[in-house]
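Chemist: Could you have a look at this structure, given as structure tokens, before my questions?
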Amino acid sequence: MTAPPDPYPENPFRINVSESQISQLQQKLALTVLPSELDDAGWAYGSPLPDIQRLVTRWKDGYSWKKYEAELNDELPQFMRDITVDGFGTLAIHYVHKRSQIPNAVPLLFVHGWPGSFIEVRKILPLLIETSAEHPSFHVVALSLPGFGFSDGPTKKGFNVARYAEVANKLMLSLGYQEYVTQGGDWGYYVTRAMAVEHGGKHLKAWHTNYPRSASAIHPLRSPLKYLNHLVKPYTVSEQAALDRTAQFAKNGRGYIEIQCTQPQTLGFGLSDSPVGLLAWIYEKLQTWSDTNTYKWSDDEVLTWVSIYWFSRAGPAASLRIYYEATRSGDRDITTATWEVKVPTGVSFFPKEFHLPPRRFLAFGNLVSVAEHTEEEGGGHFAAYEKPNLLVGDLRKMFGKTGGAFGAVTGKNGYN
């Protein structure tokens with residue numbers, strides 16, 4: 001008897017960067033001209049010269065992309081799917097997809113940000129699909145956002161956050177997940193929040209973020225009651241440390257945002273032509289946005305992250321444009337975090353995140369789960385990669401039998 005056809009067939013994909021691409025990279029690295037540096041500059045002026053010298057030497061003489069390409073292919077079941085986007089034609093979307101052995105596992109979409117990629121799901125994937133009587137299990141999907149990794153990039157202007165959300169929702173529906181939950185940080189926060197606004201209740205049933213945001217929390221005109229709260233209620237030691245870190249980032253860390261929101265193409269020439277320029281640009285963020293007290297990046301980890309951008313289908317410049325489009329789209333202003341979300345929401349605070357509002361100022365309408373991790377536990381902007389056990393633990397609590405989002409997806413509670 002012939003088995004019935006799969007109603008949601010998938011097109012398997014394996015990363016296979018050509019030898020000519022690798023050879024071109026090696027040629028460019030061999031011709032590298034590095035800038036001078038002031039004495040005792042450290043991190044004050046950006047990526048330190050000694051660090052970049054070391055990484056370039058490793059990239060040129062010791063690092064093997066093919067080794068890590070094979071590891072990614074072996075660990076992550078990858079696929080391609082054509083997704084039609086309103087007004088933008090059809091894009092080939094790269095994604096990771098692995099189902100739990102539990103049929104009624106919770107379908108979960110993981111969405112990365114910049115300068116991340118699908119690789120951020122690498123450490124949490126095996127934890128999320130684990131089966132246990134003690135915690136829920138998940139079917140996991142992690143896409144490469146359009147213009148990132150091995151997905152096509154849009155070729156028309158105006159591809160804003162709503163369009164990224166459209167792609168992600170259509171991908172989940174095309175896989176047969178009519179109801180699902182999401183997790184994301186950085187741009188993954190904005191994309192999944194947009195999904196919760198547009199598709200919340202019908203398709204997206206709950207969402208979680210490790211990128212807490214506040215809606216003009218302490219602005220005296222926009223939020224006078226919260227501003228009064230800010231003036232009269234003392235902050236805890238951890239809250240004050242988070243506010244200080246947020247203020248420091250606003251003062252010294254926003255240069256990349258201003259460039260990528262205003263002249264992404266100009267920057268794109270440098271990042272697309274110079275692998276060392278791309279390396280220095282991304283390396284700075286990996287180091288300064290992470291909790292390097294509790295997580296130490298290996299050189300090969302850094303080079304693999306950067307190589308994914310260098311070998312990406314649309315090229316390194318494509319990933320920058322989300323900043324420009326998101327802030328000039330004419331849609332809702334996503335940067336104010338004022339979109340109303342009614343589905344169950346979970347938030348994780350990691351101490352070295354660069355934007356950490358006090359919990360009292362969180363701008364979420366249906367907050368059912370809050371996890372605040374200590375300095376000793378650690379964790380920064382790339383929580384899924386730095387602290388996978390902590391992040392997955394937060395998701396298990398939120399969607400577990402005593403969690404605020406238990407049973408959010410109809411008939412899919414994650415347990416046998």
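Here the Cβ of each residue, glycine as well, is placed from N, Cα and C on the backbone.
Dumping what TrEMBL says about this protein:
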DOMAIN    11-121  domain 'Epoxide hydrolase N-terminal'
ACT_SITE  ASP186  active site, nucleophile
ACT_SITE  TYR323  active site, proton donor
ACT_SITE  HIS381  active site, proton acceptor
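Please go over these features one by one and say how buried each is and what sits next to it.
Modeler: Around ASP186 (active site, nucleophile), taking its Cβ as the centre, 24 other Cβ atoms fall within 10 Å, counting all chains.
In the structure as shown, the Cβ atom of TYR323 (active site, proton donor) sits within 10 Å of 19 other Cβ atoms.
In this view, HIS381 (active site, proton acceptor) is surrounded by 23 other Cβ atoms within 10 Å of its Cβ, with every protein chain counted.
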Chemist: For TYR323 (active site, proton donor) and ASP186 (active site, nucleophile), determine the Cα separation and express it in whole Å.
Modeler: 11
Chemist: Give me the mean pLDDT over the domain 'Epoxide hydrolase N-terminal' (11-121), rounded to a whole number.
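Modeler: For the domain 'Epoxide hydrolase N-terminal' (11-121), the model's average pLDDT rounds to 98.
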Chemist: Roughly how many Å separate the Cα of ASP186 (active site, nucleophile) from that of HIS381 (active site, proton acceptor), to the nearest whole number?
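Modeler: Cα of ASP186 (active site, nucleophile) to Cα of HIS381 (active site, proton acceptor) measures 8 Å after rounding.
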Chemist: Just give the helix, strand and coil counts over the domain 'Epoxide hydrolase N-terminal' (11-121), going by DSSP.
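Modeler: Result for the domain 'Epoxide hydrolase N-terminal' (11-121), in helix, strand, coil order: 40 helix, 27 strand, 44 coil.
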